[in-house]
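Trainee: Positions annotated as domain 'XPG N-terminal' by TrEMBL: 1-103. For 92-113, 292-357, the entry in TrEMBL reads region 'Disordered'. Annotation source TrEMBL lists compositional bias 'Low complexity' at 99-110. Annotation source TrEMBL lists domain 'XPG-I' at 120-189. For 299-314, the entry in TrEMBL reads compositional bias 'Basic and acidic residues'.
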Amino acid sequence: MGIVKLAELIKEEAPDALRPASLQEYRGRVVALDASVAIYQFRTAMPEIINRHGQNISSLQGLFFRTLHLLQNGLKPLFVFDGKPPQLKQPVLAKRDAVSGSRRGAAAGPPRRDSETLLTLLGVPYIQAPAEAEATCAALVKSGHAWCAATEDMDALPFGAVRLLRHLGLTKSRLEEISLPIVLQKLGMTQEQFVDLCILLGCDYCRKVRGLGRKKALKLLQLHGSIEEVLRNTSRKSHPVPDGWCLEETRRLFLQPEVTDPTQLVLEWKEPDEEGLVNFLAHKKHMKESRVRGRLKRWRDTRQKLSEARESKAKGRPRKAAKTMKDFFPVQKRPNKAPTRPPARKKQKLSETAPGI
């Protein structure tokens, strides 16, 4: 799911909301990822890898490499799987199925179970969202349980994700972070008005009003403040409203989505089960064992080097390698209370310090 031309609009009208980013900035941070988007990318962008049983394991291999890449750089990935899509989305999903297969369908079934098994062996938690994964990712960010939402779908912003990280993966694409508060500030909108803008641009829940491009939709909404006022002050002939337009329900899906309650989650990142990974990927899924072990060794060696470099900077501490995931993910400790300074000594009078002057 996405919002039509929203990325282009932000680049044009709120460029200060976008900034280049690097993986190092997110060391020790929880990053909520839309699992369905990631798996779909692997299934479509990577060449098919067929094992001896005729199974396409390209998405599984991609998920293994990408997750280790994130762990290797000190990130704490948290994958969120889609639940049941809203009823308003069914026409769009049916159309996608007819054309090239649904992203969500590609991530379901046996590959989905394999993905969950792989994440468990990697020691990475995952969540089953009740509905849209992006909505739960946004809820995790808003509640402080995650630092940012990582997805290519811009709809994480109307769902309320404070920070959106794009182009997160193994490719050379430059990471980009979008700040929702800055977007709202530069556009001069509330979150509710921003949702109205996204509806006018075009989303998966309802058809868009014809004749409104991104710049015109923004200008009219900034002028009139709501979709109702925009329609009241524009020609219905040039901008006809689609039949059966579900405006209020679409607003509700964005502003009050069904999400996993972040306060009920117990999230824990564990040590990867290396032998379990070899058994699952090499012996059951028939990936090359040497490749699996080699990638795990590279992750382990990198973790050790990064830990040693960090420890060597700590004054008076011996260099040592990280032994557990808690050692690898730096935890910010509360600063110690500043020691109280002794009372200043009273200055002696000049006559007392230098008699006879």
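Note: Cβ is positioned from N, Cα and C throughout, glycine not excepted.
Map the listed features onto the structure and describe their local environment.
Mentor: When DSSP labels each residue, the domain 'XPG N-terminal' (1-103) comes out as 55 helix, 17 strand, 31 coil, counted as helix, strand and coil in that order.
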Trainee: Note the mean pLDDT of the domain 'XPG-I' (120-189), expressed as a whole number.
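Mentor: Across the residues of the domain 'XPG-I' (120-189) the model's pLDDT averages 95 on the 0 to 100 scale.
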